Each structure stands twice: as C-alpha cells, then as structure tokens.
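Trainee: Could you have a look at this structure, given as structure tokens, before my questions?
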Amino acid sequence: MDILNQLAETFFDWEAMGEVIPKMFAVGLPNTIVLAVVSGIIGTALGMLLALMGISRNAAARWVARIYTDILRGLPPVLTILVIGFGFGPIIRELTGSTSPYPMAIAALSLMSGAYIGEIFRSGIQSVDKGQLEATRALGFSYGSSMRLVVVPQGIRRVLPALVNQFIALIKESSLVFMLGLLATEREIFQIGKDAAANSGNLSPYVAAAIFYLALTIPLTHFVNWIDARMRAGRPEKKEPDEAAAVVGKGAQA
Amino acid sequence: MSEFASGTLTAKNIHLSFGSNHVLRGIDLHVEKGTTASVIGPSGSGKSTLLRVMNRLIEPDQGDILLDGRSVLKDNPDELRRRIGMVFQQFNLFPHKTVAENISLALRKLRGMSKEQARNEALAQLDLVGLKHKADSRPANLSGGQQQRVAIARALAMKPEVMFFDEATSALDPELVKGVLALMTDLAKGGMTMVVVTHEMGFSRNVSDVVTFMDAGVVVESGPPEQLFTDPRTERLQGFLSDVL
C-alpha cells in the first residue's frame, strides 16, 4: 500500500493541483489557444501558398516549395523553435524594441505547421480527378479560375480530417515554446504546470496540465472522426416528397 | 431552321506528338453548320485527342482550326472554349456543387449573369433534359444517365456554336444509354453542329451526316454513313466493322 500511497501523493496531490488550476485557466489555457490558433491560421495560409507553388507549372516555384518543405519537416520541432527564437529574437528586438519571445514562438510554430499543411493541401489537390480541371477549362475558364473555383475547394474538403489532425499536433507542439523563456503572463499550459511542479516538488501540476491538453485534443479527435465518417457516407439526402408520402400511405394501409 | 446559333468547324492537317509518340498525323475534318459528324475507330486511334485539339485543351503542333471559316488559333483559347461545348465519358460534373450550381457557375462567372438569372437559366436548361426536379440534388445522388444529361445541359447553357461528345455513353449502364442517345439525337435534329466520338455504331449510322473512321492517328475513310457502313472501301474499316458489329 505504501507504493500506491506514494504514487497517489506524487501524481494526485489535490492541494497542489488545486493551487495550479486557477492559473491554468487564467493564463495557461488562453496562451496555449492563442499560440495554436494564430500559428494554425498563419500556417494554413502559408501551407496553401506552398501547395500551389508545389503544383505550379513554374519549376522554380516547385523547387522553392520542395526545399522549404523538406527542411522544415525534417527538423525536430525543438530545434526549429530554438533556432528561430534565439536566432531571430535579437533582430526583432533591435527593430521593434520588444523583448518578448512570444512573436518568435508563433513564427516558429507557423513555419513548421506551414510545411506540414502544405503537403496536406498538395496531396488533396492532386487527388482531385483530372477530368474536373478538363471539364472546367472546357467551359471556358482559365487555368487559375478553374483551380480556384473547382479543383482547390474539392482538394481542401478531402483533407479536412488531416488538417484537424495537424491542428491537434500544433496544440501539443506549442508546449515546446517554454524553451524560449516566456514572460510570466505569456506562459502556456505546460510551463504553468512545470513551474508549479518545480515549486512544490510534486508532479501533480503536470497531471493537471495533461487534463487541460486532453480536454482540448480529445474533442478535436472525435471531430475528425465525425467529419471522416460524414465524408464517407455523404450528406444524408433529403427524402423526396412523393417518397415520404408513399411511406405515410403504407402506414395508413397497415 | 436551327434552334441553335450553330457554326461550321474545320480542322486542317492537324499534327500532334507526345514526345516520340505521333498521335495525330495530319487530320482533316470538316463539319458543316447544323450537321453531325461522328468519329469512329479503335481505342488509341486519336479520336478523343482530336476533340481536345479542336477546342485547344491541347495545342496542336501543326495545322489550323477554323470556326465559320476563320482561324481560331490566335484567339484566346478560353474564349474559344466558351463557343464549343464538350461532354465527357466520365461526365465530370462538379461533385461539391448541386446540379443547378454545376450549370450556373459558368453563367455567373463567364457570362456575368446575376445569381438569380443564372439559376433561372440553369433551371430552364434542366427542364430541357427532363431533370428540373433534381436541381438541388448532388451529382452523386443521380444515376449515370441523369448525370450525363446534366453535363449536356451544362454545356448547352453556354449557348455553344458546336458540341463535342467524347464517348458520352461509354461509361453508362446499357439501360441508361438510350436516354442519352435520344437527347443527342434531338440536338442533332434541332440543328446543332456536333462532333461525336462514339462506339455506338447505331447512332453513328442513323443520326450522323458524315462518318469519319480514324486509325493510328490518320483519317482512313470518311463519307456518308450509308457508304461507310454498307460499302467500306479499306481493309482496315472492313476489319473494324466486322469486329464491332
């Protein structure tokens, strides 16, 4: 029983948890959400640009997209965040006078997720049947309009589940920005937990942080499954009035 | 009297290569205003490619394309394609749009119609192919035959001067072929200028004014259907007809 008690005290010290939870709501959660959402939006825009460059008829554009994607996807996130945070931080400080590493954290997360999202979009767009482009062009649309109005929207629809998965990864990766030494008001869920754990000598604040992450990621995971299932089955078709009438009629006869 | 603003289409000495593969080797095709030309021949003979060259989805290496006697090779290809409707073997409807939106998209974006105008025009075109009641369905909820009729309505909505049909019935279940062929026959009788690439020998023989037999990138024989089907002059056409009939 000693071992169980010890485990309970280490991981489920309610007092230590209770102390950290208000701070997680007030500071950690908003910061994690801001980091993930802002870099998710920038990453999506960057990803779309990279995808369009990746399938462009211009070889130089294709190469730029390829090299960027290979490098950013090939590096450990920790390394990218450190290099961008510490490498570009001083330059930004000189230009703007701001000492906050927060913008650098968002930049690093955006650049990384842009590379992944670019590949997701590219594969989606390329999976659209070639007949779609041909039919649109046959109506008299230019290549650009055909892509914009018909091909790209279908490609995006197809990769929505993968896109949400990427957003889940982004929420988790946002925990790595603690390495840039954020100001007290800028700390996200993980660092709040980490600080509290260091102060109390107890791991329960980490468990509290874990619960916060799961509360964000598990609903999103199920959202992915829902979109996926709906896309497989298609939107439920409205019953035609006469079919519905036929059902009523049979019921009346019975 | 024609119901359509039909044009005369002429292809002159068309050559096209994909790398070392010489797909079209000097094709001539003349389709008089208001008439139907069918193009028959074995798979890989270049029939479908010829259609794509004539509306410049693929640019020819050599040769000329004339609409109403005027060369169109110097025009903007997008504008040329607005004058030539095309129907595909695989329908190629836009699956993320409703049936009505499939038709109204080009009307709004290319013809500058308002949303309401374009929808009304789309509904009118759907009425002509007997599918007005499906206007708000998605293509995936339609049968193949219905999808192809929507594709025809989509092309007709642009008021084309010429219509291309690229094996329009080849992907259909046998019982659905008839409805699409009947619609194509109506168009032909209504005075539309049509180029029909087809494996339907009955349609070719009974509806078209001129039949062109292609093999290996050349026109082997061309003439009125009676002549080609009852009195084929070349061995290649005789062989082809004995294989398909």
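Glycine too: its Cβ is placed from the backbone N, Cα and C atoms.
Below are the features I grabbed from TrEMBL:
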DOMAIN    A:29-224  domain 'ABC transmembrane type-1'
TRANSMEM  A:33-53  transmembrane segment
TRANSMEM  A:74-92  transmembrane segment
TRANSMEM  A:104-121  transmembrane segment
TRANSMEM  A:167-185  transmembrane segment
TRANSMEM  A:205-227  transmembrane segment
Trainee: Near the transmembrane segment (A:205-227), which residues from the same chain, at least 6 beyond its ends, have a CB less than 8 A from one of its CBs?
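Mentor: For the transmembrane segment (A:205-227), the sequence-distant neighbours (Cβ-Cβ under 8 Å, at least 6 residues beyond its ends) are 11-12, 16-17, 20-21, 24, 28-29, 32-33, 160-161, 164-165, 167-168, 171-172, 175, 189-190, 192-197.
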Trainee: Using a Cβ cut-off under 8 Å, which residues of the same chain at least 6 positions beyond either end of the transmembrane segment (A:74-92) come close to it?
Mentor: 98, 101, 103-105, 107-109, 111-112, 173, 176-177, 179-180
Trainee: In the same chain, who gets a Cβ under 8 Å from the transmembrane segment (A:104-121) while lying at least 6 residues past its ends?
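Mentor: Those are 35-36, 38-40, 42-51, 54, 65, 68-69, 71-73, 77, 80-81, 84-85, 88-89, 92, 155-156, 159, 162-163, 166, 169-170, 173-174, 177, 180, 182, in sequence order.
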